[in-house]
Every structure is written in structure tokens, then in C-alpha cells.
Amino acid sequence: MIEKDKRTIAFIHPDLGIGGAERLVVDAALGLQQQGHSVIIYTSHCDKSHCFEEVKNGQLKVEVYGDFLPTNFLGRFFIVFATIRQLYLVIQLILQKKVNAYQLIIIDQLSTCIPLLHIFSSATLMFYCHFPDQLLAQRAGLLKKIYRLPFDLIEQFSVSAADTVVVNSNFTKNTFHQTFKYLSNDPDVIYPCVDLSTIEIEDIDKKFFKTVFNEGDRFYLSINRFEKKKDVALAIKAFALSEDQINDNVKLVICGGYDERVAENVEYLKELQSLADEYELSHTTIYYQEIKRVSDLESFKTNNSKIIFLTSISSSLKELLLERTEMLLYTPAYEHFGIVPLEAMKLGKPVLAVNNGGPLETIKSYVAGENESSATGWLKPAVPIQWATAIDESRKILQNGSVNFERNGPLRVKKYFSREAMTQSFEENVEKVIWKEKKYYPWEIFGISFSNFILHMAFIKILPNNPWPFLFMATFMVLYFKNYLWGIYWAFVFALSYPYEEI
């Protein structure tokens with residue numbers, strides 16, 4: 001018998017790559033595993049050359065089903081194929097009788113499979129909602145809206161079948177209620193975590209840093225993908241308006257994900273470069289992949305540049321920049337959560353962010369005379385002059401030491417956003433629901449009844465006067481699905497159909 005406090009847990013995730021959602025799944029699985037629970041991750045895709053180290057080295061058990069299925073057709077219908085791949089995965093788990101091997105199944109991102117699991121599994125089902133999928137989809141044009149409609153309805157229906165729903169922030173929780181107005185679920189919040197261990201800085205990144213920055217240089221930092229919705233322009237405008245940028249040794253470093261095959265990345269980088277020109281701020285653009293191709297790093301000298309654009313940097317260089325920056329400028333509005341501010345705070349760096357979305361929960365905004373002992377940065381409207389004022393205020397505070405960001409940031413991250421804190425939240429939410437009896441929904445009862453009725457009629461039509469299929473179904477229901485009610489039904493049908501007069 002399984003001990004009450006040691007659970008068997010399975011995660012179901014669409015694509016176990018190296019994104020933020022994947023990092024959350026890996027951290028959650030590791031945290032629960034370290035608490036003594038038995039954990040496995042099921043996914044439709046996992047490339048061992050492009051995944052997190054804990055997956056690559058076998059620290060976490062991962063099984064893949066359905067990777068042979070396409071992810072799209074001619075660059076379209078991604079949601080259709082994501083649904084097909086997930087349903088294939090779950091059907092394989094059902095056929096292999098794995099769905100009843102777990103006390104808890106955590107479904108991440110895509111909810112389509114939840115009703116199927118609810119019918120065929122005895123496990124408690126938890127859905128982790130990063131953000132309603134229907135709000136992430138683009139709906140340009142009537143055809144696109146019509147195309148998305150059934151998937152929006154499926155999302156609302158499938159989420160309702162979960163035993164419990166959790167979300168990544170109170171901001172997402174409010175959005176969940178506004179989106180799924182007909183659901184009674186009241187999600188709890190489980191914050192994503194940040195790895196508290198430090199990343200080893202590669203030698204090439206140390207050399208590059210010494211080449212790009214002179215002794216005594218200071219810089220503000222922006223880390224975001226080169227996309228318009230990230231509003232990186234706000235950082236440039238605020239920096240240009242700040243008093244601190246007048247100093248020759250002060251720079252702004254803008255770095256983030258960039259793919260030259262993605263038109264938006266290319267266009268937005270050009271737009272930011274043009275904006276720097278408008279403010280008469282000299283700038284240099286460095287494509288990180290070129291660094292390892294060049295033997296002489298002196299070609300990357302940026303002595304006269306006020307703004308440095310860096311594309312697709314390594315985790316090592318990202319860590320080094322966060323360690324050395326004056327402050328992180330986190331520009332996106334209405335972020336669902338936002339992990340980068342936590343990465344800065346864990347290193348004791350202040351963060352300036354927009355006063356909405358996830359940062360309202362992660363950053364403790366400085367209020368003079370009130371919270372010097374706990375402040376970790378500033379939350380301001382996306383108004384350049386207000387951000388410029390915050391930049392200058394941060395400089396004064398760092399000089400006079402009235403706020404100890406080096407202490408406040410790590411303390412806040414460890415308390416609320418560590419792997420231990422996230423694991424504890426998961427365990428608390430599991431214990432709330434895992435002891436409850438399985439709920440049977442009207443649609444579920446109708447669906448099962450209708451399916452059995454159709455089978456019954458099919459047997460009568462295809463195999464008239466043959467009772468043995470009914471006995472097979474009775475045995476199948478009891479031994480395979482552990483459904484004794486329908487086992488009794490089919491046994492009763494068999495008894496009524498058996499030709500006793502031939503005995």
C-alpha cells in the first residue's frame with residue numbers, strides 16, 4: 001500500500017523543450033521527486049539534444065508518445081495537431097493501462113485530454129493554467145475567428161473536467177475568471193520558481209565582457225525577445241530622458257531572443273536602432289553567435305556606444321550581465337508572470353517594471369520611508385519620464401545605501417519563488433483534493449451510457465443471435481476498466497441473450 005504522504009504523480013506536457021513552461025514542469029517534477037514522490041513526465045516530444053540538463057541526464061523519467069505525428073500542415077493548424085498529438089498520447093496511456101498507475105496527473109498548458117482522463121483514470125486531475133489559450137491565439141479575420149471557436153469551447157469544457165485548477169499568478173487567476181465565466185473552478189496560485197544556484201560563467205563570456213565594457217563602466221539592462229509587444233522602446237526612451245545617461249561611463253544593454261528568420265525580430269531590432277538614432281544615442285549591435293566564430297574579440301569594442309544591442313545571448317552571458325548591471329528594466333505590460341525579474345532579484349539587483357500583470361506580485365515597489373527593509377525595485381506606469389525618474393532615483397539609493405537590494409531581493413525570491421516554495425504549494429493543493437471521492441459529471445454518464453448503447457446495437461446488428469460478444473464486454477469492463485457497473489450490465493445482457501433452449 002502506498003504511504004499517504006508519498007504519491008505517484010504523472011505530468012502531461014505537449015513539448016518538453018527549453019521554454020519557460022518546460023522549466024516550470026521540470027522544477028515541479030524535481031521538487032516533488034525530492035520530497036519522495038514517484039514522478040514521471042509524459043510528452044509528445046523531447047529532443048535529448050535540446051532539453052534541460054535534468055531531462056538529458058536521466059534525473060527525471062520521461063516517456064514520449066506520438067512524436068511521429070506532425071505539428072502543423074504548411075505552417076498552419078498548430079492547435080489542431082497539438083490536440084491530436086495530446087489525444088494520441090493519452091489514448092496510448094489508456095491502452096497500456098498506465099492512467100490508473102497514478103494518484104495524481106498534472107496536465108500542463110493544453111487541457112483537451114482532461115475529459116478523456118476523467119472517464120478512464122481514477123487519478124486526481126490537476127490542470128496548470130499558464131494563461132487561457134484562447135487569449136493567446138491571433139484572430140485576424142472572420143475565418144480565423146470561426147476556426148478558433150470550437151477550440152475555445154473545447155478549452156472551456158475540458159478545463160471544467162479537472163478536479164482542481166492552479167494558475168501561475170493572481171493576474172492569470174483574474175483573467176481565468178473573466179475568460180471562463182461559466183466555470184465554477186476557483187484556481188489557487190502556484191508561482192513558478194527560479195533556480196537559486198548560480199550559473200558558471202564561461203571563459204569566452206568573461207573575455208567578451210571585458211572587451212565590451214571598460215573599467216568603471218556602469219549599465220542598465222533589458223532582457224526580452226525582440227518583439228513589439230515587449231515594448232523595449234520604453235527602456236530606450238527612459239534611458240535617454242534620465243540624468244544618469246549623460247555620464248560617459250553609463251550604457252544601456254538590450255539583449256534577448258532573436259531569429260533572423262522571424263520577420264518581426266528583424267523589423268523590431270531596426271525600429272529600436274532607429275529610435276536610438278532619434279535620441280542621438282550611439283549604438284552597436286552584436287550578434288552573439290559571431291562571438292565564438294571570431295578569434296579576436298577586440299572587434300567588438302564599444303567604447304563610444306551608449307546602447308549595446310545583443311541578440312540571443314547564452315545563459316552564461318545573461319547571468320554575467322545580471323550580476324554586473326545597475327538595474328533591470330523590465331518593459332512588458334500585462335505579463336502573465338515574468339521570470340527575468342526574479343533572476344535579477346536573486347542576484348540582489350533592483351528591478352524597474354510596469355505596474356501591471358505579474359510584476360505586481362513579484363516585485364516589492366520602493367516607497368520612501370515605508371519599506372526600505374523589503375523593497376526590491378520600482379513599479380511605474382509605462383511612461384518614459386516616470387521611468388527616467390526611477391532610474392535616477394535608483395542611482396541615488398545605490399549610492400547612499402538606504403535600501404539593501406542585495407539582501408532584500410534574494411530573501412524575497414527564496415521565500416516565495418524558490419523550488420522549495422513551489423513544491424510546498426503543489427503539495428498543499430494536492431492534499432486539498434486527492435482525498436475527495438471521484439465526481440461523475442452528467443455529460444460523462446451520458447457519454448458512457450450512449451457509447452455502450454451504440455455497442456449493444458452494433459452487436460445485435462452485426463452478430464445477431466450471438467451472446468458471446470456481451471460476455472466479452474462484461475469481462476473487458478471488469479478486468480480492463482475496473483468498471484463493475486457496466487460489467488454487470490453486459491453480464492445481464494449476456495444472460496438474457498444466451499440460448500438456454502439449446503442446452
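A Cβ is built for glycine as well, from the same backbone N, Cα and C atoms used for every other residue.
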For the transmembrane segment entry in Swiss-Prot, name the matching range from 91-111, 112-132.
112-132
Which listed residue (N303, N371, N400) has most other Cβ within 10 Å, given these are glycosylation sites:
N371
Just to verify a number: CA distance, N303 (N-linked glycosylation site) to N400 (N-linked glycosylation site), in angstrom, no decimals.
28
Report the same-chain neighbours of N170 (N-linked glycosylation site): residues 6+ apart in sequence with Cβ closer than 8 Å to its Cβ, ordered by sequence.
V189, L360, E361
Give me the Cα-Cα distance between N400 (N-linked glycosylation site) and N371 (N-linked glycosylation site), rounded to a whole Å.
16
